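To start, the structure itself, in structure tokens.
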Amino acid sequence: MTLTVAQGSATGQGTPVAARANQVWKVYGSGEAQVVALREVSVELQRGAFTAIMGPSGSGKSTLMHCLAGLDSVTRGDVHIGQTKVTGMKDKALTKLRRDQVGFIFQQFNLLPTLTAEENITLPLSIAGRKPDKAWFDTVIDTVGLRDRLKHRPTQLSGGQQQRVACARALVARPEVIFADEPTGNLDSKSGAEVLSFLRNSVREFGQTIVMVTHDPVAASYADRVIFLADGSIVSELYEPTADTVLDTMKRLDTGA
Amino acid sequence: MLRATLKSVLSRKLRLVLSGLAVVLGVMFVSGAFVLTDTLGRSFDGLFATAFQNTDVTVSVKSTGPAQGFDDDQKLTATVKPETLEKVRGIDGVAKATGIVSADGARVIGSNGKVITSFGPPRLGENWTGENDLVKLREGRAPQSGTEVVMNAGLAKSAGVKVGDQVGVLTTQPKKTFTLVGITEYSGGRDSLGGSMVVSFHESVAAELMLGTPNVYSSVDVKAAAGKTPEQVRDSVRAALGDSFEVKTGAELQKAQTAGAKEALGFFNKILLGFAGVALFVGTFLILNTFSIIVAQRTRELALMRAIGASRKQMIGSVLVEAVLIGLFASAVGLGLGIGVGSLLAWVFGNVGSASLELAGIGVPPAAIISAFSVGMIITLVAALLPAMRASRIPPVAALQEAATPDRPLTKVTVVGSLVTAGGATLLLLGLNDKLGDSSLYGFFGGVLLAFIGIALLTPMLARPIVGVIGRLMAWSVPGKLGRLNSARNPRRTAITAAALMVGIALITGVNTVFTSAEASIQKIADKEVNADLIISGDPSDERPATFDPAVIDKTKAISGVTGFSADYFDVAHALGEDRSVTIMTDVPAYAKMFKLTAKEGEIRALGPDEVLYDEERAKEKGLHVGATIEVQLARGQPRQMKLVGIYAKSSTTGGLILPTTLIGELQVAQPSWGYVDVADGVSVDGVRKQVDALLADSPEVTVANRNDFVQQQTSAFDTVLLMVQILLALAVLIAVLGIINTLALSVLERTRELGLLRAIGLGRFQSMRMITVEAIVISVFGALLGVVVGSGLGAAIVRALKDDGFSTFAMPWTAMGTYLALGAGIGVIAAILPALRAARVNVLQAISYE
Ligand SMILES: Nc1ncnc2c1ncn2[C@@H]1O[C@H](COP(=O)(O)OP(=O)(O)OP(=O)(O)O)[C@@H](O)[C@H]1O
Ligand SMILES: [Mg+2]
């Protein structure tokens with residue numbers, strides 16, 4: 001029933017792991033209203049890889065991501081980020097973990113309207129009381145192509161630009177993992193493509209680890225690996241996906257289920 | 001529509017509770033004041049009804065001479081001669097006539113050596129005329145000689161004395177010691193009637209001690225013969241005695257006394273209502289802000305309603321109905337609390353200290369109910385009207401747009417604000433400078449109100465730069481910076497919240513500035529014009545001037561090292577066609593030396609009999625020059641012609657007629673009130689002070705102090721008044737705090753997503769609390785800063801206007817202003833607690849996944 005994807009896969013072996021879920025259960029509510037959002041999910045996310053999570057609505061993609069990121073607690077099992085065991089951490093430690101080791105890109109409302117793009121980008125570092133590495137900052141800014149927009153406020157930026165700012169913010173702190181929940185869900189295909197290629201580049205060029213939840217087979221094709229969820233369980237995975245292979249898998253799962 | 005409104009009211013309980021609370025507090029104050037004064041008023045009715053229950057008719061002499069008193073209550077009673085008493089006894093219908101001696105000013109020295117003070121009720125000295133239905137001996141016996149007294153139980157308790165004790169009493173004569181032989185009570189076993197203090201002397205000395213002349217009476221108490229009504233007896237006595245007598249029935253006296261007491265209560269009520277008004281005014285800001293925020297947050301919802309066909313009228317209606325519901329509910333709760341507070345205060349009044357006013361049942365006068373509801377409703381509706389109109393102007397398309405409303409430009413408010421401020425300031429200045437005739441006082445208050453509104457309208461414009469500066473002082477950390485940015489985010493909201501705090505702080509600062517300037521002015525006079533090394537004086541807040549034993553004068557002069565001494569006797573005399581205050585100085589040259597009194601015309605010298613001095617200003621006004629004749633009549637004397645021998649230059653320490661020492665005997669109270677000691681150079685002032693102090697052992701109403709201590713004593717009353725004002729205005733500040741809490745709570749709610757995002761990217765719980773706290777502090781310090789600035793402006797205007805009334809110096813209460821600013825910061829911290837906790841509890845997951 002359970003598919004432990006990482007084990008036995010050719011590319012996975014020997015690669016250091018950036019985040020890992022081990023037999024994770026997530027149950028909401030109790031009694032009749034009980035919903036099992038994740039059932040005994042185990043997954044390892046290789047460092048320096050771009051992983052996409054796909055699945056039908058309600059399959060537990062967001063839940064899995066939240067559990068991996070330490071935003072939500074698991075009902076059973078445990079989660080590690082790098083060498084750190086996340087499960088059981090107190091709020092203070094979790095906050096520090098998020099601040100230092102995790103980056104987030106949400107579907108929308110990623111930015112504080114009171115801060116400029118630049119201030120938004122360096123916000124996690126400022127909160128942690130760290131100075132951004134100038135060279136790295138410049139690299140990131142140039143990669144996202146926002147240099148002439150740094151002094152602008154979010155309301156003065158387009159949706160695509162805002163998402164790029166969010167990406168830059170996640171990258172600048174050089175976290176262990178970046179989690180992105182449908183980062184292109186609100187964007188048109190052109191802006192979406194920009195953001196996605198930017199994410200892929202940061203994996204290729206800077207060795208960043210990224211986990212992305214998406215519904216879009218095209219978006220998933222930018223990833224190195226796609227994990228398919230259904231009903232709270234991992235049901236399939238693909239390496240080096242293309243939009244077509246993703247679509248095929250989805251169809252297959254759809255009819256198979 | 002109504003159903004939708006009701007639902008939305010219930011779904012926003014917290015903010016409604018907070019804004020309703022402002023109305024509740026204001027209404028509580030208003031109705032509490034009415035309940036208090038009503039209850040006290042009816043208690044006085046009962047009190048005077050008891051006091052005059054045994055009086056059929058009273059005869060006293062109409063005063064013809066000078067008003068003879070420091071104010072109405074202390075008029076020296078014109079006396080009734082024994083012949084009159086005899087005559088009354090012979091009138092048909094009079095069953096019994098008793099000569100009564102009763103006058104205020106019998107000051108008992110308690111077992112602690114201090115004079116027993118009363119706060120309001122008189123300290124009567126009377127002749128003992130035996131027990132009656134009202135007064136009974138509870139213990140001991142009646143006084144049988146001039147050295148024995150009885151007193152009422154309330155007074156005996158306050159003084160801590162019992163039957164058999166030796167008790168010192170100050171009367172028109174210096175301290176005399178008596179044996180306390182009896183203690184009286186009033187019908188029903190009461191210790192006192194309304195807190196009044198009564199010492200009863202033996203017939204043989206009462207008149208001399210209390211009225212200054214032996215063998216006279218202040219009034220005659222007449223009992224009607226059987227079958228005669230008091231009115232009939234009054235008429236026949238009046239007919240027999242003629243016009244120079246005042247003949248009144250007990251009922252008439254009761255009515256007059258009650259009216260007097262109620263007038264005082266009415267004044268008291270007005271003061272309380274004034275403070276309630278301030279609180280309500282501040283509350284208006286809070287409600288206005290709440291409704292504005294609610295409307296802003298509901299923009300989409302309201303636009304949707306418009307889109308599906310609700311009319312503009314219905315939109316206004318929906319907001320106003322919400323306001324009416326809050327207003328009604330808050331008024332009712334406020335009224336309930338007000339009845340509680342009013343009753344509690346009435347109880348305190350009746351029972352604290354020596355006062356023992358038998359309280360009539362607590363009543364709720366119609367005025368309390370009417371004012372509670374009308375004030376509560378009007379305030380809420382007025383405050384909700386603007387937001388309601390704004391709601392009606394939301395276009396239906398707003399439902400489809402991004403919720404972010406662009407900042408409306410501030411030009412219009414700023415222009416209107418400037419105009420209103422200017423209008424208010426003009427009105428205020430006109431009122432202050434008495435340019436508006438009888439309505440000057442109203443002009444002044446109206447001006448202050450308008451100015452506050454105008455400044456409140458200007459605050460959004462001021463908010464950006466000032467909040468930026470204040471925020472920068474605090475923004476040394478990321479949470480601080482975020483808090484600062486948040487506070488500048490919605491200048492209108494920040495401004496209204498801060499303006500509410502401004503009102504309270506401005507009033508406190510204004511009053512403080514006035515008092516500080518008064519203190520500085522007194523200090524300046526003391527520094528510049530007072531050369532006396534030691535000053536004998538009483539408590540300046542006492543109603544009647546303190547006096548001391550004249551024997552002290554010569555004894556002080558005899559102390560080695562004393563080079564000059566003068567004592568002042570004060571009274572009111574009839575002179576130049578009016579009642580005027582007069583002074584007798586025991587040593588004019590010594591006084592002139594110590595107070596730099598110089599002659600403008602004639603000479604300043606020791607006065608011979610029938611010689612007077614006058615001040616420059618008044619002499620000029622009357623066109624008087626040296627050599628002129630002035631007619632002066634003192635309390636106990638006949639009119640006499642006096643010669644003006646000197647006109648002295650304007651002085652801050654004395655004024656009016658200065659009379660010769662030969663007239664001391666004609667004064668109402670032949671005892672000095674002030675003394676000034678000049679000590680030789682090189683002699684220890686403190687050594688002399690100790691010796692004078694010893695001489696004053698039997699004059700407990702006064703103390704001797706060096707110049708600095710004297711200034712302190714004179715200004716100590718200011719501190720008390722200031723404290724009271726601060727306590728009363730604290731309510732306005734409290735409401736402003738509610739406003740800050742409200743604004744922050746709403747902001748936290750609005751920014752839940754942002755808080756979630758911040759927490760997701762690593763902002764700690766404590767840091768998010770800090771962010772909210774900084775926002776609160778920035779708002780409250782902004783408000784306090786505005787208040788301090790506006791308040792000192794207000795104070796400066798008042799001090800300037802009163803320049804000719806002794807406010808020679810303008811001084812700012814710097815320390816207090818600093819304290820108010822610090823208080824502002826403290827208020828911010830306190831107001832932030834709840835919203836910050838709420839922010840800290842924001843669930844990251846829920847926050848980021850909520851749309
Ligand atoms: N707080 C919650 N309480 C109860 N049930 C929840 C909660 N959050 C999620 N669920 C349930 O858990 C299951 C998984 O939800 P999840 O949000 O992870 O789905 P998803 O795959 O991200 O779907 P979508 O593609 O629509 O975003 C769903 O059945 C959902 O109803
Ligand atoms: Mg999801």
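Heads up, the Cβ atoms here are built off N, Cα and C, so glycines get one too.
Record features (TrEMBL):
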- B:18-239: domain 'MacB-like periplasmic core' (DOMAIN)
- B:275-396: domain 'ABC3 transporter permease C-terminal' (DOMAIN)
- B:494-694: domain 'MacB-like periplasmic core' (DOMAIN)
- B:727-843: domain 'ABC3 transporter permease C-terminal' (DOMAIN)
- B:271-295: transmembrane segment (TRANSMEM)
- B:316-349: transmembrane segment (TRANSMEM)
- B:369-389: transmembrane segment (TRANSMEM)
- B:410-430: transmembrane segment (TRANSMEM)
- B:442-463: transmembrane segment (TRANSMEM)
- B:494-515: transmembrane segment (TRANSMEM)
- B:721-749: transmembrane segment (TRANSMEM)
- B:776-799: transmembrane segment (TRANSMEM)
- B:819-837: transmembrane segment (TRANSMEM)
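Two recorded stretches are said to be in contact when at least 3 C-beta pairs lie under 8 angstroms, sequence spacing 6 or more; the transmembrane segment (B:776-799) and the transmembrane segment (B:442-463) meet this definition. Away from its own ends, the transmembrane segment (B:410-430) comes close to residues 436, 440, 443-444, 446-458, 460-461, 491-492, 794, 797, 801 of its chain (Cβ-Cβ under 8 Å, at least six residues beyond either end). If you average pLDDT over the domain 'MacB-like periplasmic core' (B:18-239) in this model, you get 84.
Within its own chain, the transmembrane segment (B:369-389) is flanked in space by residues 23, 26-27, 30-31, 34, 280, 283-288, 291-292, 294-295, 315-316, 319-320, 322-324, 326-328, 330-332, 334-335, 338, which lie at least six positions past its ends and keep a Cβ under 8 Å from the stretch.
Break the domain 'ABC3 transporter permease C-terminal' (B:275-396) down by DSSP state and the numbers are 100 helix, 0 strand, 22 coil. Counting residues per DSSP class in helix, strand and coil order gives 100 helix, 0 strand, 17 coil for the domain 'ABC3 transporter permease C-terminal' (B:727-843).
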